[in-house]
Every structure is written in structure tokens, then in C-alpha cells.
Amino acid sequence: MHCERFLCVLRIIGTTLFGVSLLLGITAAYIVGYQFIQTDNYYFSFGLYGAFLASHLIIQSLFAFLEHRKMKKSLETPIKLNKTVALCIAAYQEDPDYLRKCLQSVKRLTYPGIKVVMVIDGNSDDDLYMMDIFSEVMGRDKSVTYIWKNNFHERGPGETEESHKESSQHVTQLVLSNKSICIMQKWGGKREVMYTAFRALGRSVDYVQVCDSDTMLDPASSVEMVKVLEEDPMVGGVGGDVQILNKYDSWISFLSSVRYWMAFNIERACQSYFGCVQCISGPLGMYRNSLLHEFVEDWYNQEFMGNQCSFGDDRHLTNRVLSLGYATKYTARSKCLTETPIEYLRWLNQQTRWSKSYFREWLYNAMWFHKHHLWMTYEAVITGFFPFFLIATVIQLFYRGKIWNILLFLLTVQLVGLIKSSFASCLRGNIVMVFMSLYSVLYMSSLLPAKMFAIATINKAGWGTSGRKTIVVNFIGLIPVSVWFTILLGGVIFTIYKESKKPFSESKQTVLIVGTLIYACYWVVLLTLYVVLINKCGRRKKGQQYDMVLDV
């Protein structure tokens, strides 16, 4: 016992020193600005900080590639499908078409004897359509529905403590005794909905799969995640490959689709290699039920800065698994399609909410670095502090008073984006990933200020995005973007003022003209490809129905 505690203390000290040293090293490299290569007049330079970031991308891509090779080898491993699985679907003001597609895909799941529990967040007349769709798709004679005035933590109007207890027991009994059930309950947020499913199931099943009501599951999705959990008893949770269902509906949903592929098949695949996936996404994830019930109460009652948390449910669920020392994995063999916002403002609000949960969970996650591979500490430091270094770099370049610095920054952003997207195109075997380089502009212009706004408002709760049946536009997300554009515009004006005081040399004019032409050509080529290959092909494809969720 004493030896274990001593080793634990050593690991805590070691990971802390490693993380602090890494951060100090990156900061020193950034401040010193040592250059390996630089041209006359500093038109181009490549320094220590840039070399570090380039190395990170290469190493991350390498481990992602190795993890994908391991996934392919696992196909040869036979397993017995004798473990019990329950699928929990969280629904809130869902678009009827998406919900119907979700439930139809659930009926096609190939895992034998899977139990389906759908919990609707809200029990008003306006929510009844979701229960009707459930009965229609799952079969009125094969499913059970129940309208609950309460939820496990709040009583409905006219309910007593005794009647609340009785109704809670009734809900639990309904879930345990039926293979397919839909419950409408008093509104309480997504975490309340998930808690109802977990609590009612108890320890009656081996694995619990989670799913959102806008998700289309691949028939083999459950089987593939069970394989991962069966192969290693120290894996506590696993997530699958989440792709975009409505990627051709707008430019924002299309760019989100290529970003999703990169996030799952590069970033999370790399994390999976070391057994420390930091977020098992809500549309497609599976957990060991025995672990789930070790922390479900603490997970539900999570507080931050004195307020109960009502977002970041999936990320905190993942962190709870990691806190117990169990690994979390990703498998590209399990797939699904899910809805993403098609309007810029709704997308911005979604990203702000996700950023809030990321930074909040970063602090919680840091307490368990010592229980996992050093890669978990390394990546947390890199991804957690990168936005701050990036903002400092942008402001510095925009206020140096040189037009070339601004142009070089724009060119560098697209060059890095092209390099990453080219590798992704090779790994995926699909040229469409080249459009990932366009997402870098969206990141710099919108996601970066949204992250800062998320930190400033991190204790503000709420769903963040509205239900899909009725889209509510929230303009609050434009505030940080407007402030950011004002800062950048100020830098451009300052630079023009400084440059206007002295004539351009012939070499400087040549460099600026060539750089501008390259940047303009990049946009002309990419936008032309988007219009020709995506818009036209998309109109034909987005109306198709898929029996299998394929990488299309």
C-alpha cells in the first residue's frame, strides 16, 4: 500500500514537472524567437517555435496512422456477442425527420438483443410528436411509452414526495422489463435525460451505448465498439467515427464535415493509440456499465465555480472514466452520421459551448494526468495553450507596421492548412479533404475569438444551441468576433499608415505582388473547386438514403 502511494506521488511529481517544463520550453522558444532559416529583409524565416509545431503535427499524424493500422488488424479478432447492451437516446425538440432517421437506423443495428431507451427532455403537448414517432418507427406493439410528470430530481406540479418515489420506481421497472421504451419527463437538460436512462438501467446490462436523437447509426456500430471493450478489460469507454449527415446543406456544414474527419481520424486516433481519448462524443459512444455506476452521481452533480454544470456532459463522462485509471479508445470501424448547424450563428454558439466545456474539463482532466501516458499531459499543454500563443502572434504581426508581415501570416495559415489537408487526403483516400485548408480561415476569424469568449463566460450555463424543431438565433456570439475583427482592422490601418510614410523598394514591391497573387490564386482555385465539385455533386447526393453509413 505504501509502495503504491509512493509511486503515485512520484508519477504526480513527474507529470507535473513534465507539463510545466514543456510549457516553459514552448514559451521560451516563442519569446526568444531563434531562427534556423531567414532570408534578407526577413521576407521568410523558420524558427524554433515553428519547428516545434511542425514536429507536433508530424508526430500526431504518425501515431494516428499506427492506430488505424491496429484497427484494421483487430478485424481478424473473433469475439462472442454475448454481453448485454443498452442504447440510450437523448432527445430534445428534435426535427421530426432527423428523429425518424435515427430510430430507423436503430432498428437496423446488428447487435443481438440490444435494449433501446429514449428519454425526451420535456413532457408538454409540444413534445408529444417525438413519442409518436418512436411508437410509429419502433412498433406500437413492440415498444412502451410513458409520460412522466417528474424526473429523478424534480417533482412535477401536484406531486408529493411519496408519489415521486413511486413514479421513479415505476419508470425503473418499465425500463428493466421492456426491450424498447420511450419516456417523456419534466424538462431538466441533457444531463438529466442521460441520468434517467443510466439510473433506470442500473446494473442490468454490461455496456451502455449513448446516442443523440439526430444521429444515424451504422448497423455495425454497436458490434465494433463492443469488440474494443471486449479486447481489453482496462478500456472503460470507446467512441466511434462521427460524420456529418447534412454536409451539403451549407458551406458551414461542409467545412464542419472535413473538420470532423480530421478531429476523429487524426487527433482522436492519435489519442487512442495512447489510450487517452479526451472526449467520447455524444452521438456515438459506449461505456462499461460497471464503471458508469461508480461515478454517475458525481457526474450528475458536477459543479464549477459554485454552479451545477449543465453542458459538457459527454466530455465529463469521458473524464470520469479516465479519472479511474481506465483507458478510453476510438475506433473508425464504428460509424454514424449526425446533424450539424448550417447557419453561421448557430455554429458559432455551438463552438462557444464546446469551448467552455473543453477549458473547464481541462482543469479537471489535469488531476489525472499521472494515471495515464505522458502523451495525455503533452497534448493537453499543447492544445490548451496554443490559442493564446496564436493570438499573441497575430496581434504582433498585425501591429508591426509591415504589410508583408500580414500577407506572410495569411499565406502561412493556408500553407499549414494545405499540408495538413494533403496528408488527410492521402490517409482518407479522398481529395475532398483538401478543403480542410479553408477551415483554417474559419478557425482564425471565428473560432479563436469564440474560445476567448468561452473562457470569459465559462460559468454561464445552458444548452448553448436550441432544439432543431425550432431554430432560435442568438446574436451574442457575434460580440467576440466583432471585437476580434476590430483589433485586426486596427492593425491593418496602423500598418497602412506606417508603410505610407516611406516608399516601397523594387524588391519589396515584387515580393508583395507575388505573395498577393499566390494568395488570390489559392482562393480562386479552392472556391472554384467548391462550386463545381461540391455544390453540384452535393445537390445530387444530399437527398439520397443510405442503408449503411459509409465514408462518402
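Using the three backbone atoms N, Cα and C, a Cβ is placed for every residue, glycine included.
Taken from Swiss-Prot, the feature ubiquitin cross-link covers Lys190, and the record attributes it to similarity to another entry.
A 10 Å cutoff on Cβ-Cβ distances gives Thr110 (phosphothreonine) a total of 13 other Cβ atoms nearby, all chains included. Feature annotation from Swiss-Prot assigns phosphothreonine to Thr110 (among others).
If you take the C-beta of Thr328 (phosphothreonine) and look for same-chain residues 6 or more apart in sequence within under 8 angstroms, you find Val235, Gly236, Gly237, Val238, Gly239, Gln271, Ser272, Gly275, Cys276, Val277, Gln278, Ile280, Thr318, Val321, Leu322. The annotation phosphothreonine is assigned in Swiss-Prot to Thr328 (among others) on the grounds of similarity to another entry.
The average pLDDT computed for the topological domain 'Cytoplasmic' (1-11) is 82. According to Swiss-Prot, the topological domain 'Cytoplasmic' annotation covers 1-11 (among others), on the basis of sequence analysis.
The annotation topological domain 'Extracellular' is assigned in Swiss-Prot to 33-45 (among others).
As annotated by Swiss-Prot, topological domain 'Cytoplasmic' applies to 67-374 (among others).
Using a Cβ-Cβ cut-off under 8 Å and counting only residues 6 or more beyond its ends in the same chain, the topological domain 'Extracellular' (396-402) has close neighbours at 408-409, 487-488, 490-492, 494-495, 498-499. The topological domain 'Extracellular' annotation in Swiss-Prot covers 396-402 (among others).
Annotated topological domain 'Cytoplasmic' per Swiss-Prot: 424-429 (among others), in sequence order.
Taken from Swiss-Prot, the feature topological domain 'Extracellular' covers 451-475 (among others), and the record attributes it to sequence analysis.
Distant neighbours of the topological domain 'Cytoplasmic' (497-510): 41, 401-404; these residues of the same chain sit at least 6 beyond its ends, with a Cβ under 8 Å from one of its Cβ atoms. Here Swiss-Prot flags 497-510 (among others) as topological domain 'Cytoplasmic', drawing on sequence analysis.
Residues annotated as topological domain 'Extracellular' in Swiss-Prot: 532-552 (among others).
For the transmembrane segment (12-32), the residues of the chain that approach it from at least six positions outside its boundaries are 47-49, 52, 366, 369-370, 374, 377-378, 380-382, 385, 389, 392, judged by C-beta separation under 8 angstroms. If you look up Swiss-Prot, you'll see 12-32 (among others) marked as transmembrane segment, on the strength of sequence analysis.
Per Swiss-Prot, transmembrane segment is recorded for 46-66 (among others).
Look at Swiss-Prot and you will find 375-395 (among others) tagged as transmembrane segment. The list of residues near the transmembrane segment (375-395) in space but at least 6 beyond its ends in sequence, with Cβ under 8 angstroms from a Cβ of it, reads 15, 18-19, 22-23, 26, 30, 49, 56, 63, 270-271, 273-274, 276, 278, 322, 359, 362, 365-366, 369, 409, 444, 448, 451-452, 487-488, 491.
Annotation comment: Swiss-Prot describes 403-423 (among others) as transmembrane segment.
Packing against the transmembrane segment (430-450) from elsewhere in the chain are residues 252, 254-255, 258-259, 261-262, 344, 348, 351-352, 355, 387, 390-391, 394, 413-414, 416-418, 420-422, 424, 477, 480-481, 483-485, 526, 529-530, 533-534, 551: each is 6 or more residues past its ends and has a CB under 8 Å from a CB in it. The annotation transmembrane segment is assigned in Swiss-Prot to 430-450 (among others).
Here the C-alpha separation of Lys190 (ubiquitin cross-link) and Thr110 (phosphothreonine) works out to 27 Å.
With a cut-off of 8 Å between Cβ atoms, the residues of this chain six or more beyond the transmembrane segment (476-496) that come close are 345, 348-349, 352, 394-395, 397-403, 405-406, 445-446, 448-450, 452-453. Each residue of the topological domain 'Extracellular' (396-402) gets a DSSP state, and the totals for helix, strand and coil are 3 helix, 0 strand, 4 coil.
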